[in-house]
Amino acid sequence: MQQQEQQQGGMKVKVQRFGSYLSGMIMPNIGAFIAWGIITALFIPAGWFPNEQLNTLVSPMITYLLPLLIAYTGGKMIYDHRGGVVGATAAIGVIVGSDIPMFLGAMIMGPLGGYLIKQTDKLFKDKVKQGFEMLINNFTAGIVGAALTILAFYAIGPVVLTLNKLLAAGVEVIVHANLLPVASVFVEPAKVLFLNNAINHGILSPIGIEQASQTGKSILFLVEANPGPGLGILLAYMFFGKGSSKSTAPGAAIIHFFGGIHEIYFPYILMKPALILAAIAGGASGLLTFTIFNAGLVAAASPGSIIALMAMTPRGGYFGVLAGVLVAAAVSFIVSAVILKSSKASEEDLAAATEKMQSMKGKKSQAAAALEAEQAKAEEASELSPESVNKIIFACDAGMGSSAMGASILRNKVKKAELDISVTNTAINNLPSDADIVITHKDLTDRAKAKLPNATHISVDNFLNSPKYDELIEKLKK
């Protein structure tokens with residue numbers, strides 16, 4: 001039984017890591033995607049301010065700029081700047097060799113280029129004569145990049161192009177058959193498993209951008225980014241919740257709906273797993289509404305805020321987008337209200353959701369208890385003091401949303417305690433080696449430990465409302 005739990009936990013971490021890697025190629029470049037979306041929404045013939053000259057920016061940006069940024073980032077994740085350069089060079093082969101924006105090809109060639117130049121450098125390590133290092137470094141990168149570019153142009157490009165067209169055709173069939181709402185059955189539970197960024201930016205966005213380049217918008221940008229389901233759940237807690245969940249729900253609703261940080265409502269579902277049904281019902285009804293009104297966005301809305309959604313909505317499409325968000329929120333609220341009111345069990349506090357969170361994510365409560373005991377011992381054994389702690393890092397999947405909120409809260413507490421300690425946030429994949437304390441959500445701690453085993457790791461159930469912040473401050477003040 002214990003071995004099975006460990007295997008399940010290991011599989012969960014692997015899935016999260018793979019998903020994080022996919023989204024990691026897109027997330028750092030979201031600003032460029034939004035820039036393209038703004039230019040598209042404003043200056044194409046059907047835009048707000050049609051401009052024939054500025055419209056010429058749209059095609060080169062989506063054909064060359066965005067795929068090359070993705071490829072560079074993918075290569076850099078494997079082998080820093082050198083890997084990024086070779087990855088971007090290799091990607092030009094699939095880009096030039098196709099007649100559609102080659103995002104999928106860039107997501108393949110970028111990491112492949114980074115990996116191959118990394119292996120090539122290992123092959124020549126300690127074998128280069130003194131004084132020839134720069135020559136060998138430059139030419140190995142050039143030769144590997146050129147070879148991969150030619151291979152991508154003639155062999156990999158056509159395969160990826162066929163795969164791209166099959167995926168696009170499959171999505172078209174699903175949309176026209178009005179089956180897209182069924183996607184919520186998979187998307188909403190996956191979001192609570194911290195795969196939201198992987199789904200949105202790793203899978204849906206690349207296909208959505210290709211659709212948007214042809215039709216001016218894509219409904220795929222609304223599949224994961226819709227804040228309606230989460231808003232409905234948080235509103236239900238405002239009216240029918242108990243204890244700290246009721247008191248914290250209003251603030252969480254504001255941050256979720258206007259700030260676009262969806263992770264903030266995950267603990268509320270994990271306290272009462274039946275609420276996943278509310279999220280699915282809200283998501284499905286929202287997608288059905290989007291489909292009926294032929295709604296879509298011109299580019300990815302990141303974060304999933306109502307403000308970002310409105311900014312990426314094409315001219316004349318506001319009613320459909322708003323209707324989908326409001327319907328999703330209303331349905332989610334009604335289902336959540338029924339579940340919360342009919343629940344006989346007493347409402348759990350936010351900090352008491354540990355065991356149910358583990359059961360939702362593939363681990364038994366015994367494993368959770370063992371993990372907590374192990375963490376408690378580790379924290380007690382390590383003598384934390386201002387002298388031994390210089391940097392505290394909050395880490396989450398993307399390093400932009402929930403971890404940023406947690407870092408802000410602890411930073412204020414550190415300032416009030418007059419401690420000279422840096423508190424920042426980052427993605428788990430980018431954890432710096434000099435971090436003394438790493439704070440993560442409980443379900444991401446295993447990944448953080450694997451990335452930075454020598455740091456002190458603290459797990460929390462909710463970045464916004466954890467008693468461990470005050471406990472940490474007290475330990476640091478001693």
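Backbone N, Cα and C atoms are what each Cβ position is placed from, and that goes for glycine too.
Fair warning: this is a prediction, and the values are worked out from it, not measured in the lab.
Swiss-Prot lists 18-347 with the feature domain 'PTS EIIC type-2'.
The phosphocysteine feature in Swiss-Prot is assigned to Cys396. The number of other CB atoms found within 10 A of the CB of Cys396 (phosphocysteine), across every protein chain shown, is 28.
Swiss-Prot lists 52-55 (among others) with the feature topological domain 'Extracellular'. With DSSP classes pooled into helix, strand and coil, the tally for the topological domain 'Extracellular' (52-55) is 4 helix, 0 strand, 0 coil.
When pLDDT is averaged over the topological domain 'Extracellular' (162-170), the result is 80. Residues annotated as topological domain 'Extracellular' in Swiss-Prot: 162-170 (among others).
Proximity of distant same-chain residues to the topological domain 'Extracellular' (299-318), defined by a Cβ-Cβ separation under 8 Å and at least 6 residues beyond the stretch ends, is recorded for 26-27, 30, 33-34, 36-38, 40-41, 46-48, 200-201, 205, 208-209, 212, 216-217, 221-222, 224-227, 257-262, 325, 400-401. The feature topological domain 'Extracellular' is assigned by Swiss-Prot to 299-318 (among others), with similarity to another entry given as support.
Residues annotated as transmembrane segment in Swiss-Prot: 30-51 (among others).
Residues 24-26, 28-29, 32-33, 35-36, 39-40, 43-44, 83-88, 90-92, 95, 101-103, 105-107, 109-111, 113-114, 117, 209, 213 of the same chain sit 6 or more residues outside the transmembrane segment (56-76) yet have a Cβ under 8 Å from a Cβ within it. Annotated transmembrane segment per Swiss-Prot: 56-76 (among others), in sequence order, evidence recorded as similarity to another entry.
Positions annotated as transmembrane segment by Swiss-Prot: 140-161 (among others).
Look at Swiss-Prot and you will find 171-191 (among others) tagged as transmembrane segment.
Look at Swiss-Prot and you will find 279-298 (among others) tagged as transmembrane segment.
Marked as transmembrane segment by Swiss-Prot: 319-340 (among others).
Cys396 (phosphocysteine) falls within a strand segment according to DSSP.
The transmembrane segment (319-340) shares more Cβ pairs under 8 Å with 279-298 than with any other stretch in the list 30-51, 140-161, 171-191, 279-298. For the topological domain 'Extracellular' (162-170), same-chain residues at least 6 beyond its ends with a Cβ under 8 Å from one of its own Cβ atoms are 98, 100, 102, 104-105, 207, 210-211.
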